[in-house]
Amino acid sequence: MESPLRIAIIGQSNFAAEVLELLLEKNYNIVGVFTIPNKGTREDILAATAKQHSIPVFKFASWRRKGEVLPEVLKQYKSVHANLNVLPYCSQFIPMEVIDAANLGSICYHPSILPRHRGASAISWTLIEGDEVAGFSIFWADDGLDTGPLLLQKQCIVEPTDTLDILYKRFLYPEGIKSMAQAVNMVAEGKAPKISQAEVGASYDAAMFKEQNHYIDFKKTAEDIWNFVRGLDSVPGALALVLHEDGSEEKVRFFGAHLYADFPVVGPKSLTLKGLKSPAYIHDRGLLLEGTDGKFVNIRRIKRGSKMINACDWFTKCKQNQISNFSKDELDKRDLLINIWHSILKCPIEAETDFFAAGAGSMDVVRLVEECKDALDMSLDSGQVFMAPVFEEFFCEIIRSLRQESSGVQGRIHYDGFVLQANKREISVPTQLFINGEFMDAEQRKTLDIINPSNEELLCKVACASRSDVDKAVQAAHQSFNGAWRQVSARQRGHLMLKLADLMEEYKEELATIESIDSGAIYTLALKTHVGMSIDAWRYFAGWCDKIQGNTIPVSPGRPNNVLTFTKKEPIGVVGLVTPWNYPLMMLSWKMAACVAAGNTCLIKPAQTCPLTALKFAELTVKAGFPPGVINVVPGTGTEAGQAISDHKLVRKLGFTGSTPIGKIVMRSCADSNLKKCSLELGGKSPLVIFADCDFEKAVKYGVCSVFFNKGENCIAAGRLFVEDRIYDEFVRRVLRDVRSMTIGDPLNRSTAHGPQNHRAHFEKLIEFCRRGIKEGAKLVYGGRPVPNTKGYFFQPTIFADVEDHMFIAREESFGPIMIISKFHGSDVESVMRRANCTEYGLASGVFTRDISKALMFADNIEAGTVFVNVYNKTDVAAPFGGFKQSGFGKDLGQEALNEYLKTKCVTIEY
């Protein structure tokens, strides 16, 4: 070489900036950078990078006028005395006076294998034309359009999953940067070839920056349509026109195309596109387009205006109002947001700029949230960034939030309902189905009568879901599971659950009041247990979200290769939940919190007699920010809505709490439909054994509590008490004294200890249960009948003594405030254990004794899922809960509950 290289970089963009950085790392002398002017206050990253290294920067809007080089521009260029021009990416036309001024020449990067695809849109045309091979060329500039001699070329196979973005990011960008540095090395060493381009196979393609070239030609095969869409993905996006029923046309852009052969599709709805002969079909996985060859292309995402949506959500999202008219103040905020994004991403911000595709990480999300909160004085969390990562979409969400905050309607959801006036409160309660984030009427506006158990009066009418309504809820859950919910990270899932728990805490008095009126629970218990333990469950399982993980397993590989085997814990999919009437909100929370923490979506059918807290809870999920479809609530009858959930083939798991006979039907339906996984928490006849060596006062206290807690409507209630003969009579006397002192009445009264039974059918069942006990010879010590002269389903706390093993009341569950007491002799511990186990149920059990050996022997031998020692009803969200035998299988609560909603996948890799 005659002299060392003096390099001028001409161009713009991140690509050019990285080429500059790499050349500087290799100690090349960069004498000047020539780039485009600022866009407003935004400087191209190439200029910003050059300034960091104190390299002279020149910004020209144009290099020539009317075909002639601008003298002042040429003079400034020549002032740096460059002997090699490097053009990594340049959108401007550079005059030959500049190209030829560098005595070593000018080298340019072009993203195609020249001479094919000359022109400004080479990457797009590589895909549009269906080329099997892509690549780039570095050539010597001449006076033609990408016609100069070749210096080097590199290529790669075009993969079926490639789009314009993917191809650029996986090969053309990273390999192009390295190859530009390689080309400069070759020039420096005097080894750079100049290979003339062949004209055979040369092509000149239309520039795709013109909108008229973005429209899809539907008179093409499916493969041609697929190639066209991916050739414009993600910038600018392939254009199509939707023809609406009113005759209007709407421009939309398509993204995420792939050839489709997975038929039949679920729930297709037609959409008319201009130029497409047959209808397009929206289905659960996207939008289907038929080519002229009868084959199909599926579109996963559609851009409507500035909003990117999943194609499957078209008919849902198109109902939402799009923001188009912005005030001057809002447009000023747009400029402010552009500056914030630019300061983080260090690249030009366009409407379609994707925050994460531009390289943002988790710390950038935090910075964006905090800068926006400071600059706009608004509430914002990271979830909103994840749900709206494209700039224009993010801007619209910010404006929508600001408008809602200023109008005081943030988080508000519209529904039909009624105002419950109780407990010195006015509480708005929804009465419609909750599906896909919206409240709606049931099919044919069918309703259920909700009766207040305290006075037997009609409280309200609630929508009653049909099989069709259940299908809508399942489809919504299925789409969310495969769409928006899948995009929410495990940690973000936990944040949403914690936010929901905080809202439940904020509204706990309202929830407890609804629960008390609707189910008959006394208010103090509803506040502490029904609602309090529900909040605990959501907080507990929120902590598990980002701790669900598999294992690495040592296996024996076939030599000489090695093997890596590991397991993954994955969500099951759509989960159906059917819950009982004794703890409406708590049973919902026990199951749903674990289900959602594991990453599933769900629909729940609450008990038909008391669904109101479930519907109020649904309202809070919207306030918490859960995506539509993650949680759906469908009140209805067990024979129709419950059965529809059991039968539905898209439901992959069913969690059920209820009676053993219904549990058997549910299990059979799960097997017959699609062999769905199920967990069943069924009936109980839990034994409580009280030895004479116990703490007597404590045994009496917990003995009463074990039966009459929640007016006996308690799945783990002690269904039968075995009391040692030495303390038997005194125990019965003390229990009777405590029961007689119970205050029965209005569940909202803070002094009430015993409220009404949940509903009439259960109330009448208790009356019959007591009649049968008396008929068989059990001694009725107290109660056994409704509270006299009282309206409502109030049943007296009841005590039966001297109950023998063969009696109906000794074997069957009452699920009410009925204490069943039997006697045993203290010398025959094994006998009382056999009697305690002589039941088909095995949900819970208890023992009171000071003898630790006796207690441990009981724990070892009792056939029950829960064993209480010197305590009763002591459940905790961290402790697993579930039964044996005909009390069901599977666990609620604790870490074990997560396994009910997860599947284990084993992955083995040989290397």
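Quick reminder: no glycine exception, Cβ is built from N, Cα and C everywhere.
Taking all protein chains in view, 17 other C-beta atoms sit within 10 angstroms of the C-beta of Gln92 ((6R)-10-formyltetrahydrofolate binding site). Among the features that TrEMBL reports, (6R)-10-formyltetrahydrofolate binding site is placed at Gln92, Phe93, Ile94, Asp146.
Positions annotated as active site, proton donor by TrEMBL: His110 (among others).
Residues belonging to the domain 'Carrier' (328-402) score a mean pLDDT of 86 in the model. Summarising the annotation, TrEMBL assigns domain 'Carrier' to 328-402.
Spatially close to Glu640 (NADP(+) binding site) yet at least six residues away along the chain are Ala465, Ser466, Arg467, judged by Cβ distances under 8 angstroms. For 605-608, 638-643, 658-659, Lys765, 813-815, the entry in TrEMBL reads NADP(+) binding site.
According to TrEMBL, the feature active site maps to Glu681. Residues within less than 8 Å, Cβ to Cβ, of Glu681 (active site) and separated from it by at least 6 positions along the same chain comprise Phe656, Thr657, Cys715, Leu843, Phe881, Gly882, Gly883, Ser887, Gly888, Gly890, Asp892.
According to TrEMBL, the active site, proton acceptor annotation covers Glu681.
Marked as active site, proton donor by TrEMBL: Cys715 (among others).
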To the nearest whole angstrom, state the Cα distance for the pair Gly642 (NADP(+) binding site) and His110 (active site, proton donor). 62
Measuring Cα to Cα, tell me the gap between Gln92 ((6R)-10-formyltetrahydrofolate binding site) and Gly638 (NADP(+) binding site) in whole angstrom. 70
Want to know which binding-site residues, from Ile94, Asp146, Ala607, Ser814, are within 10 Å of His110 (active site, proton donor) at Cα; which are they? Asp146
An 8 Å radius from the center of the Gln92, Phe93, Ile94, Asp146 Cβ atoms defines the neighbourhood of the (6R)-10-formyltetrahydrofolate site; name the other residues of that chain inside it, in order. Leu87, Cys90, Ser91
In whole Å, how far is Asp146 ((6R)-10-formyltetrahydrofolate binding site) from Ala607 (NADP(+) binding site) when you measure between their Cα atoms? 72
Run through the domain 'Carrier' (328-402) and tell me, per DSSP, how many residues are helix, strand and coil. 51 helix, 2 strand, 22 coil
At 10 angstroms around each C-beta, which of the binding-site residues Phe93, Lys605, Gly638, Gly658 has the fewest other C-beta atoms nearby? Phe93
For Ile94 ((6R)-10-formyltetrahydrofolate binding site) and Lys765 (NADP(+) binding site), what Cα-Cα distance in Å is obtained after rounding to a whole number? 92
